[in-house]
Amino acid sequence: MKTSIATVSISGDFREKLEAIAAAGFDGIEIFEQDFIAYDGSPRDVGNMIRDHGLEISLFQPFRDFEGLPEPLRAKAFDRAERKFDLMQELGTDLVLFCSSCHPQALGGIDRAAADFRELGDRAAARGLRVGYEALAWGKHVNDHRDAWEIVRRADHPNIGLIVDSFHTLGRKLSPESIRSIPGDKIFFVQLADAPLIEMDLLYWSRHFRNMPGEGDLDVTGFMQAVMAAGYTGPVSLEIFNDQFRSANTRQLAEDGYRSLIATMDDVKKAEPTLKIDLPDLPARVQPKGVSFVEFAARGQEADTLGTLLTSLGFAKAAKHRNKDLSLWQQGDIRIVVNEETEGHAAHTYNARGTTVCDLGIEVASAKDVMTRAIATGAKAFTQPLDMGELEIPAIRGLSGSVMHFLDGESGLDQVWDVEFVKEAGADLVGAGLKCIDHIAQTMSYEDMLSWTLFYTSIFDVQKSPMVDVIDPDGLVRSQVIESRDGALKFTLNGADSYRTLAGRFLAETFGASVQHIAMSSDDIFATAETLKARGFVPLKISDNYYDDLKARFDFPGGLLEKMKEANVLYDRDEKGEFFQIYSGNFAGGMFFEILQRNSYKGFGAPNAPFRIAAQKRQLPPKGMPSA
Ligand SMILES: O=C(O)c1ccc(O)c(O)c1
Ligand SMILES: [Mg+2]
């Protein structure tokens, strides 16, 4: 299976785009004419530059407003086509996309359009070129792939074929099923794009909001099943118009594109195993079992401060690594590793960002399967030299330099704590009732949210929630939940637009670190609060106004509101149950811990977020001063 991507899909100048597209693993590109025109180089040089990157030109596009014109416009359109045929031959590509006409003087009529394409087919054939016809969702007379196919069918010319584009079909809510009955060899090319479901003008939606398959709400997999069932054997190409992508990181976008294409085609293959798809068999998305460990990079005084905070939270230093400067802090099923090494990945992370989370360990059924799937979808394996007796725990680089390890029972990797660590004698493992990690909150720039979501949803069997807005006194933060079906693994992704928000300040102060807070669950938050108080833990102080408002919104059994106020507990309720939260103060440039109790409640306390953020901001030093 050949993969391709339209140059308009990603940011950068022409050369940067090519480098990123080639590095991400694509076989070819669609040259979007504007990108070519903006480039200062001859068509031959451009063609050679593309081939020097190991890429082929799978398509040249778009040619607009061709069919159905009255004379003399018609003759002019053919002349224009001949000029572009010249260009294609210089570039070295044999396929061009003609999109359905939006010309105000275009006359309708399927047979008129078919006749135009038949004549065009003769002219293309004389040069060994092929023309594909695409119905734009907003075309003047042709805006449905079924009509475009009827024109191609009646043109009845070997050099004239159809181009289908998932956006134009699915965006108009047309069923892709009719594509199944088109002869596969008459489909010359297929373009894929997803989009979030937003009610708006089709053209505007298409030109500004398309995104990578899997990032939006359209059934791109179902569309592609129909195309493959037709017997299509050509390249599968991405064509994304997105305002945000035009300014985002070029390499990241190209990697996202490749990841989305492979994951989508794998979905197509799994949904309809009888289809012929030339793609290696991949393990299915992996069912995560939970967070095995969270590793902080810290050093000296900062490591001591973190240790003091962990102690006040009920953790005990349970073990030390045999060879390395790693401490294991434990409580219930929660493991926090503090890495004070001065060489290697944690040390690099510490040097760049200060105390921060440098690694996550995820428990899975098969580490081998998750690695195979992650690597096939473009993730890079991460390795470090091992000392004697150390286990090789498979790992990949996540986004923004983070590292994710996979531990399983299958290969005994979950025994690492007994194999590599030595228990500390007399560690107080009674704790404060914290049982397990409920969720991990990652802060990122808003433009990186789709990349992270795609990263998780293409590897793990997880669902994404709709995005919600969280109001910070200094801006908006967008929040999205990524959650496994049974809730064993939950991430909340927070996207900051402005550096003035709490999330944005964290990004600025930690140079783009990712994990900002870790939420841990208790079965009895008030008992936990008592123990924590005795251990010297200082909760985030919540305003009295908050409790007055709670009193107005909910009926509480006698004494509960007072207990919450006393312990600075935040509260929420949904149709399933109740939710209690306590926050720690900030440490290390804006990180914090959350303690929570869920009584069947499914959410994350979103209504409390603005008040929690405001309280956290009161703790910060004045703007412009570094935080503790
Ligand atoms: O928005 C457009 O004009 C446009 C052009 C070419 C395409 O292939 C397409 O899907 C849309
Ligand atoms: Mg298209």
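Just so you know, glycine gets a Cβ as well, placed from its N, Cα and C.
Residues or ranges marked as divalent metal cation binding site by TrEMBL: Glu134, Asp165, Gln191, Glu239. Spatially close to Glu239 (divalent metal cation binding site) yet at least six residues away along the chain are Ile5, Ala6, Val8, Ser9, Glu30, Asp165, Phe167, Gln191, Leu192, Ala193, Arg210, judged by Cβ distances under 8 angstroms.
Under 8 Å, Cβ to Cβ, and six or more positions away along its own chain, His517 (Mg(2+) binding site) finds Ile440, Ala441, Met591, Phe592, Phe593, Glu594. Positions annotated as Mg(2+) binding site by TrEMBL: His439, His517, Glu594.
Annotation source TrEMBL lists domain 'VOC' at 436-585.
Note: the Cα of Glu134 (divalent metal cation binding site) and the Cα of His439 (Mg(2+) binding site) are spaced 45 Å from each other. Only Asp165, in sequence order, out of the binding-site residues Asp165, His517, Glu594 have a CB under 6 Å from ligand 2. With respect to ligand 1, the binding-site residues Asp165, His439, His517, Glu594 contribute Asp165 as residues with a C-beta closer than 6 angstroms to one of its atoms, given in sequence order.
Apart from His439, His517, Glu594, the Mg(2+) site neighbourhood in this chain, defined by C-beta within 8 angstroms of the site C-beta centre, holds Asp438, Ile440, Ala441, Thr492, Ile518, Ala519, Met520, Phe592, Phe593, Leu596. The secondary structure of His517 (Mg(2+) binding site), as reduced to three states from DSSP, is extended strand. Mean pLDDT for the domain 'VOC' (436-585) in the predicted structure: 94.
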